[in-house]
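Q: Here it is, the structure, as structure tokens.
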């Protein structure tokens, strides 16, 4: 399809018709631009009744229990979340494909199956509304990923993840907005088909990217949990910016087969799918349900590793944590420093050992990641956009990186990456010299970003706090600390001397008044293919943070 603004307008018009008229909020009832925080608006806008508000406010474990017992029907639950998603979209522009009608029919089917099965659920996610990033194909529904050349392309198959979620009894009700080509140089969600998505905690700030639509939707209770993908931080940054839990697993632990993407065939560094949720229980429910679906039988890249509940529970093990306060290139802004200090203090108060771990060759990692991303000299995106004449978005990370590697040069780059991974593994193992146990740390705490959610369109390229762990392929969780930017607690640090011009530019972006109310989070990294342990360690962190506030 040839790109034009008219094509995008037509798609947006069709999208608008997918929301029932009675779920639209009159323009004079929508919050004015001066109202930045709209996270509670779904409760007062009149679209949801009180029963539906109560449903979307339930924590995932409680909701799943009520659905499994029959005290809530799939239909009433699905309608509640579809309404909340419709409200979220009107506030933040977070949705792409909207298929509420299909979700409602699915919910009716599940309710009938529940009765026929003797009041037994179809699966562990029976009746649970789940949203998907605009990559996961659903047969019979368009999947264009915000790329104009792909407008009108109807999926002929389900992605493997969709198959597993359906088998588990889930209800898929919408897909969410993304960065063009999923390759922005910093956390924004914008493209020429659907436009820009903002942050519901402060609509002058970005929701992050490239899974930013998921972050905004989940924060506004429009989905029980959502599914994003992460090539350099694209699950973790939206989780960070919306104060959510977000898991980037090791590559292929969850099934990616059948999902659309750019840069397909790039194996030197690859994308992993992961969940975002308002609670850790949502992360756990998603992860266990997907692994219990035996994805290795459907996706040949998935390792045959069943769910390890004992690893999650850590009954006979008290984890030892490392902490990296900054990467010695760019200092996190004051509120991000406060979040990490709060977490470390809470853990120490609860009796956990926390040792400082210095950063490892971050500049070399940054160089490697950039070379891997751009190793085709931009050919894949150029070919994709050329089909429609769609322009490159100015925020695309690899724009202008036109050095195309030969096959041999690409092989050498992969060898450098493998050497780096081995060196980092040895570095992690060497932390045994820092701990009282004589064993390496179990998990590493550090900021997920130098910044909380930042002002739309105003930022400097800096991904290493997340992209480093894509390079070394370690699972990582973003953890909310239930705090937000406070001008009194987080003033500009006038005593700090920037380490470089880049650092100075990043520090210059910060204003506590502008960033007010942006959520605070930390990041926890674990050992490769030990996702259950990362979830278990996260529970220890959450419990320590809760105990510290008593």
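A Cβ is built for glycine as well, from the same backbone N, Cα and C atoms used for every other residue.
When I checked TrEMBL for this same protein, it listed these features:
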ACT_SITE  133  active site, charge relay system
ACT_SITE  210  active site, charge relay system
ACT_SITE  234  active site, acyl-ester intermediate
DOMAIN    76-534  domain 'Amidase'
Q: Using a Cβ-Cβ cut-off under 8 angstroms and a sequence gap of six or more, which residues of the chain neighbour residue 133 (active site, charge relay system)?
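A: Result: 175, 176, 178, 210, 211, 213, 214, 226, 227, 228, 229.
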Q: Measure the Cβ-based neighbour count of the residue listed as 'active site, acyl-ester intermediate', defined as the other Cβ atoms within 10 Å of its Cβ.
A: 36
Q: Please work out the number of neighbouring Cβ atoms within 10 Å of the Cβ of residue 210 (active site, charge relay system), leaving out its own Cβ.
A: 35
